[in-house]
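Asks: Here's a structure for you.
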Amino acid sequence: MGAKSMRSWCLCQICSCGSDYCPYEIVKQPRHVPEEYKPKQGKIDLGTTYKRDLNSYKVQPVAIVRPLERQVKKGKLDTVPTYKDDYRAWDLHKSELYKPEQTYHPPTVKFGNSTTFQDDFVPQEIKPRQSFKPSSVVKRSTAPFNGITSHRLDYIPHQLELKFERPKEVYKPTDQRFEDLTTHRCDFQGLIGETAKLCRPVHTRVTQNALFEGSTEFRESFQPWEIPPPEVKKVPEYVPPTGSMLLNSTSHLDYVPYQANHVVPIRPVSQKRSNNFPFQGKSIMKEDFPAWESCRQGLIKKQQQIPNPSGKFDGLSTFRSHYVPHELIPTESCKPLNIAFKSSVPFDDVTMYSVEYTPKRQEICPASYPSPPGYIFDNTNSQGHKFFRKIIPAVKAF
């Protein structure tokens, strides 16, 4: 009990309204080390359910259902449908009206312009009710305005310390090698393997005073060789032939002429028409597909079992023949009379809320006081948090 009473409490722990909040230090979360990837052993099964469950079938060509020979019927085509033959129009007669003739007689009395609502409504005097709403008039106080706030009362001015001016540091480049490590390189490190061997030849630095050789690998591998001069062929002197030139060719000497006949054309000779009658216009289509000799089809309608009525149509229905008119009796109105209810008893303005409401005591946050009741100021830490200590009640000695 003594150790608990000696403990100091921060102002944010004493506060009950949550206005005084002290930030706490952020604890860094532990870093998750990823596990090393280990590839699975064995081969991948590339089989699928489609390859396993598929059963192939032999596909055969579809047999032709269309008949080989075409049957052409002769006769004229009947374009009259069965609807027009079976359902013919009836001779309709206009039915007489059964509504009684009523001649309108205008009223002789002058129209009063009064409705049933105006006749039944009794005007009543409206009495204004007593208003329980508080008045909106602002009451000005005569006392002077007290502009002292809790901030002005509790504020303690402190003397500002002189700012420490840090001297400007001269930049000195480091001798150590720059480590360009990132979070990705730290977290995802590669597997340890053998270092790659350089295939690049050793770079020999050329001194400035040495002359540039200008030799390449191609020049060293393919060196020039001596080409012997071409041999000059001696051209013999031109000796012209003796005698005259023969202009006969092998075609002139070996050619034998033949007597060939003209080709007879296969196309028939066009003969001009000597007749004067008009063009018939016959074609293979018209000769193969002549007009059908069609006959009118008989009625497919069944014979009527019920005989048709004879005589004039009465137009009476079962409702009209059995209907008996009755006199209308007006229903009695059960609506209460619209008369204001007057009572001499005063109005009882007591509600369930005013009866059952229990006012609660408004608690004041202890942190709003300059020194919370029941606590003694202890100290202030480096972050500016105030700490208080509970007052131990005095125990009377017997």
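Using N, Cα and C of the backbone, Cβ positions are placed for all residues, glycine too.
Annotations per Swiss-Prot:
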REGION    114-126  region 'Mn 1'
REGION    148-162  region 'Mn 2'
REGION    248-260  region 'Mn 3'
REGION    282-296  region 'Mn 4'
REGION    316-328  region 'Mn 5'
REGION    350-364  region 'Mn 6'
Asks: So what's near the region 'Mn 5' (316-328) in sequence-distant terms, Cβ-Cβ under 8 Å and 6+ beyond its ends?
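Replies: Cβ under 8 Å, 6 or more out: 98.
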Asks: Six or more residues beyond either end and a Cβ under 8 Å away: which residues meet both conditions relative to the region 'Mn 1' (114-126)?
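Replies: The answer is 338-340.
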Asks: What are the DSSP helix/strand/coil residue counts across the region 'Mn 4' (282-296)?
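Replies: Final tally across the stretch: 5 helix, 1 strand, 9 coil.
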Asks: For the region 'Mn 4' (282-296), would you mind checking the mean pLDDT of the predicted model?
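Replies: Summarising the region 'Mn 4' (282-296) by its mean pLDDT gives 81.
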